[in-house]
Amino acid sequence: MKALRLSASALFCLLLINGLGAAPPGRPEAQPPPLSSEHKEPVAGDAVPGPKDGSAPEVRGARNSEPQDEGELFQGVDPRALAAVLLQALDRPASPPAPSGSQQGPEEEAAEALLTETVRSQTHSLPAPESPEPAAPPRPQTPENGPEASDPSEELEALASLLQELRDFSPSSAKRQQETAAAETETRTHTLTRVNLESPGPERVWRASWGEFQARVPERAPLPPPAPSQFQARMPDSGPLPETHKFGEGVSSPKTHLGEALAPLSKAYQGVAAPFPKARRPESALLGGSEAGERLLQQGLAQVEAGRRQAEATRQAAAQEERLADLASDLLLQYLLQGGARQRGLGGRGLQEAAEERESAREEEEAEQERRGGEERVGEEDEEAAEAEAEAEEAERARQNALLFAEEEDGEAGAEDKRSQEETPGHRRKEAEGTEEGGEEEDDEEMDPQTIDSLIELSTKLHLPADDVVSIIEEVEEKRKRKKNAPPEPVPPPRAAPAPTHVRSPQPPPPAPAPARDELPDWNEVLPPWDREEDEVYPPGPYHPFPNYIRPRTLQPPSALRRRHYHHALPPSRHYPGREAQARRAQEEAEAEERRLQEQEELENYIEHVLLRRP
């Protein structure tokens, strides 16, 4: 038996080396022979051939058993059918030797018949979708028949099937399967890309491959992993096969190599079937990608529109600011020109009269309001008050104009600019000095260069010619000289109080109140006052907004105190002020006039010291 085992091991190594070296890289065209009982009977009936003679047909059958299309390896084969074929290859009986196996012939024939019937039942039950797992045939496990079961012919058959599996899962075959799967996946990808680009809708935006489009679209929930096949569940990688116990403990190489061959078989089956669910994307996934692409496109357009609106708002703000600056400069120039002309027209006396008129109008308005005591004003008084207020505003505007002009001159006086002297300001000033009467010795001198430079810079900033600036300064100087040469103005006497438009006759004293009548009972206190006369009508006055006004009962005093309402005359001190009040008012007016003249003089001195400085 040891010699048989050694010869079987050597034969296994020789067949393995020859099979791996002589395996053709191409695709064989022969189909695997059908496994049936008729195919096994001649092998069982023949005599035991030599090791080389018996291995030749098995090797050729193993070489011809490669499938035609390696790209579709086990694509249409049921895992249960594949497991049954492998079990049949493992359980194939061997023919007993002629001289020494005569005493065990009936037992082997009975086992072979039982195995043949089991395999046929499995083959017929393969098309059924839910067939129970075939039961393993009962095999005796006595230590006596263990060594005898390991026959060389049985080992040869197991080695031939193992060699076929090794050839199927060689590195070159696995590489060809990967290339075929990649080519098929790429074909399906390009097909999906072409259909996606040619279909109407927002998919036209992505002119790229499906991979780039899928990279742009946010990832969705991953697909569930494929469920493990029945073959993988039934045939684990690490667990030994229950049908391999018939080889005995001595022959361990078929079990080891078969376990190693089944592991890449299940992995290859999963690897071949895995790319197709990934490449065949359902219509819902395409629709989801298109919706996500549309959302991305809308977000991009919204961002571009927001940036455009922001740029437009910035441009409009800059244009508005520039327009306001131009308008402000124009208004300043117009204000200076109009204010100076109005000030020249009014003069010092005109300003004083305007202030006096304003004060008188204000006093008249206050007196009229006090006389009327809340009554409506007359339209003429409103017009006079409006005119007085307008004149007061004009006078105040002229004063502010002079102050503003002085501030501008003060701001520009300190700037030193190295510019060439212009002849126009000096010539104009000489002519003005020639036309003036007399004049002091200072008027004959020319203006210093610093003053001329400040005038030029001021005219440039105010958008005014230098001649206009010089003329304004000359007018201020002439006014100052007239004020010095003019006699002092007398203080105006205090004006008499205006005569009242109407005088109220003194009212007679109110009559004595009538004796109190019998009051109504307390429970009738909430009712109207029945003791009032029916024809009693109250005239409109401060206590009655309109005639026959009835005040609420809850806010009235007792009936004894609310008989009649009399309008008492106002105290005479409010309408006819005394001499003390008139003197006090005249003193206030004189002080106000003095303050105004002092401010005007300070303004003129300020302008003189800033713009008319002499060397």
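Even glycines carry a Cβ here, placed using N, Cα and C.
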Field: Candidate set Pro67, Pro506, Pro577, residue annotated proline amide in Swiss-Prot
entry: Pro577
Statement: Swiss-Prot lists as phosphoserine, out of Ser37, Ser102, Ser420, residue Ser420
Query: Swiss-Prot annotates one residue of Gln310, Gln450, Gln582, Gln600 as pyrrolidone carboxylic acid; which residue is it?
result: Gln310
Secondary structure content of the compositional bias 'Basic and acidic residues' (577-599), with strand meaning DSSP E or B: 21 helix, 0 strand, 2 coil
- line: Cβ atoms other than its own within 10 Å of the Cβ of Gln310 (pyrrolidone carboxylic acid), all chains, total 10
